[in-house]
Amino acid sequence: MANKRNEDIELGPVEGRGSTDKDPFLARRSPSQPIRPQQVGPFGGYFDKIDHSPGASILAYCLSSISMTVVNKYVVSGSEWNLNFFYLAVQSLVCTAAILICKQLGMFQNLAAFDSTKAKKWFPISLLLVGMIYTSTKALQFLSVPVYTIFKNLTIIVIAYGEVLWFGGSVTPMALLSFGLMVFSSVIAAWADIQAAVDGVGHTAEATDAISTLNAGYAWMGMNVFCTAAYVLGMRKVIKKMNFKDYDTMFYNNLLTIPVLIVFSLLFEDWSNANLIKNFPVETRNALFIGMIYSGLAAIFISYCSAWCIRVTSSTTYSMVGALNKLPIAVSGLIFFDAPVTFGSVTAIFVGFVSGLVFAWSKTRQKVSAILPTAQPTMSASAASNRDAANA
């Protein structure tokens, strides 16, 4: 579940999606033993070509990420929808079952057996995850996909300064520029959203209701920003001690959140027959169930496509793709959910898109400068003497 809510936060190998630990999905055969076409049938060469195609991996990652956001928005967009905890519990159940099935099929050969001691240590992180995904679905319920995507960038700022405070990180001038653009794009998006609500129905009771709905969405989005930052920073602090791989993180996250989400659903959500009928009307019931199941499987899809993209391209390319992917996600909201297309909304999407590019570029420059020092390292007198003797 670390990856499955479409939380595209490109801050380094904190979550599974940005990790360079690629055990679960990356090359499963020795380079000295290539698969020959005759061993896998007439389509072996074709599939092998796709497996090593950077374009295919990038396209698969983008499609899985976009589909996740679109499906989440579709499920929670019902006028009477109020079963968010139940929805998230179904996601966790489906994802956990998929992970166990993949293990049985040999895809996750190194997935460790369940350890109760590790589960107890990881449980607080799972609680933070519940807060993150619940506030995420609530914000997506009240806000349009473009506005949600733009405001999600604010999480990057909070995490960056959290890393400065607790992990000794640093913020470069270019990163500061990207943060300013992120805030600016969010302001434009909020202004355009409110303006569209007022212009659509005028200064009437309907406009007041529409603005109240937007305000509720902004409140949930604000809570989601801090819940997401707490989860990512907390996971970074704990994950190194646990020696978890990507698939271990997904397994424990999903498994431990299932009882929490079920209990919260039973305590805080209405399970009366009348409310169930409102949430699952006959005309859309099957589509909702399919969407809920797909959203759980999408965790595996996104994680696989992320590792695939890193394997056949590079972590730098993957980071840039994550930034570029914000644009089609925002546009998908305009296409599938009839979000208002105004000068303000388009401008906000563009500025948010540029801010993501600037931030990804700043992280790339920061990594390069760390790998390639710009100053001659200081040498001791004895080392200098040995160097001169060798050059003589």
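Keep in mind that glycine also has a Cβ here, set from the backbone N, Cα and C atoms.
Any TrEMBL annotation is an automated prediction that lacks curation.
TrEMBL lists 1-39 with the feature region 'Disordered'. Taken from TrEMBL, the feature transmembrane segment applies to 81-101, 122-144, 150-168, 218-239, 251-268, 288-310, 317-337, 343-361.
The recorded stretches the transmembrane segment (122-144) and the transmembrane segment (218-239) share 3+ CB pairs below 8 A when only pairs 6 or more apart in sequence are counted, and are therefore in contact. A Cβ distance under 8 Å defines the sequence-distant neighbours of the transmembrane segment (150-168), meaning residues of its chain 6+ beyond its ends; these are 7-11, 139, 143, 175, 179, 182-183, 185-186, 189, 218, 221, 224-226, 228-229, 232-233, 236-237, 326, 330, 348-349, 352, 355-356, 359. Among the stretches 81-101, 218-239, 251-268, 288-310, 317-337, the one making the largest number of Cβ pairs under 8 Å with the transmembrane segment (343-361) is 317-337. Here the transmembrane segment (251-268) has long-range neighbours at 1-2, 83, 85-86, 88-89, 92-93, 95-96, 99, 111, 114, 118-119, 122-123, 125-127, 129-130, 244, 299, meaning same-chain residues at least 6 beyond its ends whose C-beta is under 8 angstroms from one of its own.
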